[in-house]
Amino acid sequence: METVLDSNILPVGKPKWLKVKLPIGQKYTELRGLVDKYKLNTICTSGSCPNMGECWGEGTATFMILGNICTRSCGFCGVKTGRPETVDWDEPEKVARSIKIMNIKHAVITSVDRDDLKDMGSIIWIETVKAIRRMNPETTLETLIPDFQGVERNLDRIVAANPEVVSHNVETVRRLTREVRIQAKYDKSLEVLRYLKAKGIKRTKSGIMLGLGETEEEVIQTMRDLREANVDIVTIGQYLQPSKKHLPVKEFITPEQFEKYELLGKEMGFRHVESGPLVRSSYHAQKHIL
């Protein structure tokens with residue numbers, strides 16, 4: 001799932017490189033007006049993404065499906081956890097219509113985890129992609145999926161939908177996975193990514209958050225693990241604490257260190273590497289289809 005981080009909730013003494021300008025520009029203003037008018041559900045707004053203005057200006061937006069309540073309670077994530085609502089079977093059409101209204105050129109679809117459902121929500125996923133393709137044939141797609149508990153028939157539905165990019169985030173290094181992603185497993189995420197590639201997905205992608213107490217060596221090893229799983233694209237960004245109830249930020253990683261990881265990633269053979277303090281899973285997503 002797309003990492004939901006509120007850029008306004010930061011410890012005192014936050015580094016200057018984490019301060020962002022308010023989004024401006026005609027395209028942003030137009031899209032903001034449409035979102036407000038039609039009450040469209042984008043994770044860009046609900047997650048207070050610091051890159052919203054830039055992405056919207058380039059015709060990219062991220063939509064979250066299957067409700068806004070997750071069955072998992074990851075220590076980093078600002079999405080509500082609990083018992084989700086009944087599946088809205090009209091949601092695929094609603095999302096497709098939102099993309100059409102906003103005239104989105106490249107859409108990223110993500111979701112909460114739905115471990116309460118027999119299909120983990122995978123049927124709604126494929127129906128959403130079909131609806132988007134039908135209503136917006138020129139729009140390219142990235143699906144940022146949960147692990148579906150590694151169940152192959154659920155992953156096969158995503159493969160059958162054939163999005164341009166399929167993403168699944170490992171989020172953190174192996175050692176911290178149990179603390180950061182309580183109900184997920186590091187190796188299962190790698191298996192999911194490896195399976196997607198083996199089944200014919202052209203571009204796979206994963207993301208890592210930094211500042212949770214990981215070491216440089218662990219970050220580099222995680223990047224190696226992703227390459228060994230044939231991942232094409234990696235995003236690396238700064239973890240920001242959504243609220244006081246969530247895991248604290250242990251360290252603010254410098255822009256120079258992010259640049260180092262970017263260079264290392266390119267040397268490892270990733271097709272695209274997005275590495276920087278404000279990078280999120282969907283940052284520059286439209287460029288990842290090239």
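Backbone N, Cα and C atoms are what each Cβ position is placed from, and that goes for glycine too.
What Swiss-Prot says about this protein:
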- Cys44, Cys49, Cys55, Ser282: [4Fe-4S] cluster 1 binding site (BINDING)
- 56-271: domain 'Radical SAM core' (DOMAIN)
- Cys70, Cys74, Cys77: [4Fe-4S] cluster 2 binding site (BINDING)
Can you tell me the three-state DSSP label for Cys55 ([4Fe-4S] cluster 1 binding site)?
helix
Determine the most Cβ-crowded residue among the binding-site residues Cys49, Cys70, Cys74, Cys77, using a 10 Å radius around each Cβ and all protein chains in the structure.
Cys49
If one measures from the C-alpha of Cys55 ([4Fe-4S] cluster 1 binding site) to the C-alpha of Cys77 ([4Fe-4S] cluster 2 binding site), what distance in angstrom results, rounded to a whole number?
21
Pop the mean pLDDT for the domain 'Radical SAM core' (56-271) in here, whole number is fine.
94
Excluding its own, the Cβ atoms lying within 10 Å of the Cβ of Ser282 ([4Fe-4S] cluster 1 binding site) add up to 30
Tell me the Cβ neighbour count for Cys55 ([4Fe-4S] cluster 1 binding site), meaning other Cβ atoms within 10 Å of its Cβ, over all protein chains shown.
26
